[in-house]
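For reference, Swiss-Prot has these:
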DOMAIN    59-94  domain 'EF-hand 1'
BINDING   60, 62, 69  Ca(2+) 1 binding site
DOMAIN    100-135  domain 'EF-hand 2'
DOMAIN    136-171  domain 'EF-hand 3'
BINDING   149, 153, 160  Ca(2+) 2 binding site
């Protein structure tokens, strides 16, 4: 899932610590929402929602329909600004590769969002259907239920889900640290290479000067 370059959402900034928009960005998003709301009902129906997501993402028709059903909590065929705001935060978190951190910071809302039946647990099927929203790979999904389904009922309650988000965040931080260390190591190797080039260049100049003096 990717945002369309140059679309309105491309210019919104998400705080990387709390995974929320600033008040200024929320106000801008609210104005944008009202522009999309051509019927002036303070809601977006499925048609408006489809055209919006088709314009700002590369999601297909089936995925857009699934997201609408996920956000239409009261099953009235419309979503309000609150649901719209949640969606935008998810899209921006995905764009900034903050999916794990977003789930950790907002574990309760995400859990309630994926708990489609309202039974205070999430099944593997729900995760499978919506894993594209949080960039969860198939193997990660299998590992999730193998490692965190403590009760063994193939369902995650909130505590199990929270443990999963903590683990993912720690893993993500460790992955970023290792990537940063590798980049630093490459930079050091580049500097060593530059120093060696300088040394060889100076050595060449010095040898040339000695040769010139011997001729004289």
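Each Cβ is built from the backbone N, Cα and C atoms, and glycine gets one as well.
As the structure is a computational prediction, the values presented were derived from the model and not from experiment.
Sequence features, as recorded in Swiss-Prot, placed on the structure.
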residue	record	contacts (Cβ under 8 Å, 6+ apart)
60	Ca(2+) 1 binding site	none
62	Ca(2+) 1 binding site	none
69	Ca(2+) 1 binding site	none
149	Ca(2+) 2 binding site	155, 156, 160
153	Ca(2+) 2 binding site	121
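Beyond the ends of the domain 'EF-hand 2' (100-135), by six or more residues, the same chain brings 1, 16, 18-19, 63, 66-67, 70-71, 86, 89-90, 93-94, 141, 144-145, 153-158, 161-162, 165-166, 168-169, 171-172 to within a C-beta distance below 8 angstroms of the stretch.
Taking the centroid of the Cβ atoms of 149, 153, 160 as the Ca(2+) 2 site, the other same-chain residues with Cβ within 8 Å of it are 121, 145, 148, 150, 151, 152, 154, 155, 156, 157. The average pLDDT computed for the domain 'EF-hand 1' (59-94) is 94. DSSP assigns residue 160 (Ca(2+) 2 binding site) to a helix in the three-state reduction.
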